[in-house]
Amino acid sequence: MHGPFRRMSRINQRCQSKKYASTMNPSKRDGFTSKFGVLVATLGSAVGLGNIWKFPSLTGVNGGAGFLLVYLLATLMVGLPLMMAETTLGRAARANAITTFDRLAPRQHGWKLIGWMGFLSALLIMAFYSEVAGWVYAYIFKAMSGEVLTSDPKIAGEIFGALVSNPTSSLIWQWVVLGITGSIIMLGVSKGIEAVTRKLMPVLYILLLVLCARSLTLEGAARGLTFLFSPDFSKITPTVVLTAFGLAFFKLSLGMGTMLTYGSYFREDQNIPATTTRVMLADLSVSLLAGIAIFPAVFAFGFEPAAGPSLVFMTIPAVFTAMPGGIVFMTIFFILTAIASVGAILSLLEVPVAILSERFGMGRKKASTCTILTIALIGAPAALSQGVLAETKLFGMNAFELFDFLSSNVLLPLGGILICLFVGWVYGLPELEKRLSNEGTLDNRGLIRAVFFLVRYVAPLSIAIVLLHGLKVF
Ligand code: TRP
């Protein structure tokens, strides 16, 4: 028997064991139903809180267009190739993040660790991501009621402080987020993830364009655009470069099996290089539009651009208050941000849910409930870390910071490196070529070779540098 056939028979043998029973018949496995469905669901994962404040504020703080250029380079050299690699592995194995490595490397058990790390990172990221999303949900109502109508960022800061330090409201808003996204994930891949992102992504674009139109027609808007787009190459330091690489990684949901799991739901005739490139471009457009919606307004009303939560929860309310029609546009802004978070959260939840249901034979409902309850449990210290548990620290970090550090700075880059090494040195070029060209039906050999080179050498080395920097080794 030759290569592919030998592999198939190996897979068949494994399928006969009980552990794999639930994924035994691929036709029974849930998945995305159309090419558009694949596109919106994958884009839904990439688009998230990362676009709304991380991207614009990092771009602003790190030298505008210069940072943008480095970020684009990082996306093309590391992000996009890795995204192609991850989705290919998933589609080839048609399984969750752990079983995928069982199937593609049946004799090398160590690679499964990648899937287990993904399982853990998904829970850790969700523990704090759900909390930030909870604040956003709360702000929809605060904006609507006019409670945060203040042009003084200091007072806005006090309102924010009161929300996040209150244990009851912190926990309840986190549970609201978990309840909503949990009930979507229970519905499954096609009826849950695909159906919901299909409706939400167009709404997200429309709201974003409305905000851009408002922001750009303000007097003094041009300064914001200059801030965002005029290059200042003197500001490109090694730290800036590393930040750009980290962002490229986080933006495309890489390094923890999210894209691998989504790839396992891709259609057989999906053109992976084309789809992933479209997702990358669409995600970039959301980031740029978010920057265009935010910075002209920030400058028009004489505020200072700030990074992180203070931009979203303090500066933004003040900016919108100063603007005609402020309540409406502020409400739109927070609804938009909440929508962006939903698709990203669904993709984070899908990693453990797929593992629990396929490897442990749990039904979809039970797997979703277990995942949500676990996140509520480990998320509670993160939710309380801005108030009652603020001084409870480990390695000098509170729970929120610790979960963020462990996932973003350790587990994601480590997972990314291991996936690159697996594809570049174990899976190999012939198999990658076969999969990325849809068994030779697509004419993209040159592209695949370039992707293979990047995944084998360039990506693992550059991610290793980012990892060591994140661990403060240098
Ligand atoms: N990409 C999302 C954002 O920009 C976050 C996200 C979703 C993510 N799934 C992920 C990040 C998996 C890392 C890994 O907000």
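These residue numbers are counts, starting from 1, taken along the chain as shown.
Quick reminder: no glycine exception, Cβ is built from N, Cα and C everywhere.
In TrEMBL, annotation is done automatically, which means it is predicted and not curated.
TrEMBL lists 36-53 (among others) with the feature transmembrane segment.
The transmembrane segment annotation in TrEMBL covers 65-84 (among others).
Residues or ranges marked as transmembrane segment by TrEMBL: 113-140 (among others). Remote same-chain residues near the transmembrane segment (113-140) are listed as 48-49, 96-101, 148, 160, 163-164, 169-170, 173-174, 176-178, 181, 255-258, 260, 309, 312-313, 317, 331, 334-335, 337-338, 341, 344-345, 348-349, 351-352, 355, 371, 374-375, 378-379, 381-383, 399-400, 403-404, 406-408, 411-412, 414-415, 418-419, 422 (criterion: CB distance under 8 Å, separation of at least six residues from the stretch ends).
Per TrEMBL, transmembrane segment is recorded for 172-190 (among others).
The transmembrane segment feature in TrEMBL is assigned to 202-222 (among others). Listed as Cβ neighbours of the transmembrane segment (202-222) (distance under 8 Å, sequence separation of 6 or more from its ends, same chain) are residues 47, 286, 289-290, 292-297, 299-301, 323, 325, 329, 332-333, 335-336, 339-340.
Taken from TrEMBL, the feature transmembrane segment covers 242-263 (among others).
The annotation transmembrane segment is assigned in TrEMBL to 284-303 (among others).
Residues or ranges marked as transmembrane segment in TrEMBL: 323-349 (among others). Tertiary proximity for the transmembrane segment (323-349) is limited to same-chain residues at least six positions away from its ends with a CB under 8 Å from its CB atoms, namely 41, 43-52, 122, 125-126, 129-130, 132-133, 136-137, 139-140, 143-144, 146, 148-149, 177, 180-182, 184-185, 192-193, 196-197, 200-201, 203-204, 207-208, 210-211, 214, 218, 253, 258, 261-262, 286, 293, 297, 301, 312, 316-317, 368, 371-372.
Residues of the same chain lying 6 or more positions beyond the ends of the transmembrane segment (370-390) and with a Cβ under 8 Å from any Cβ of it are 123-124, 126-128, 130-131, 134, 164-167, 170-171, 174-175, 178-179, 182, 185, 349, 352-353, 356, 362, 398-401, 403. According to TrEMBL, the transmembrane segment annotation covers 370-390 (among others).
Marked as transmembrane segment by TrEMBL: 410-429 (among others).
Among residues of the same chain six or more beyond the transmembrane segment (450-471), those with a C-beta under 8 A of the stretch's C-beta atoms are 74, 77-78, 81-82, 84-85, 239, 242, 245-246, 249, 255, 273, 408-410, 413-414, 416-417, 420-421, 423-425, 429, 432-433, 436. The feature transmembrane segment is assigned by TrEMBL to 450-471 (among others).
Relative to the transmembrane segment (65-84), the listed stretch 242-263 leads the set 36-53, 172-190, 242-263, 410-429 in CB pairs under 8 A. Same-chain neighbours of the transmembrane segment (36-53): 87, 129, 132-133, 136, 190, 193-194, 197-198, 200-201, 204, 247, 250-253, 258-259, 262, 265-267, 270, 275-276, 278-280, 282-283, 286-287, 290, 307-309, 311-312, 336-337, 340-347, counting only residues six or more beyond its ends whose CB sits under 8 Å from a CB of the stretch. Long-range contacts of the transmembrane segment (242-263) within the same chain: residues 41-42, 45-46, 50-51, 54-55, 58, 62, 67, 70-71, 73-75, 78-80, 82-83, 86-91, 96-97, 100, 114-115, 117-119, 121-122, 125, 272, 279-280, 283, 287, 344, 347-348, 350-351, 354, 407-408, 411-416, 419, 462-463, 465-466, 469-470, each at least 6 residues beyond the stretch ends and with a Cβ under 8 Å from a Cβ of the stretch. A Cβ distance under 8 Å defines the sequence-distant neighbours of the transmembrane segment (172-190), meaning residues of its chain 6+ beyond its ends; these are 30-33, 37, 130-131, 133-135, 137-138, 196, 265, 341-342, 345-346, 349-350, 353, 364-365, 368-369, 371-372, 375-376, 379-380, 383.
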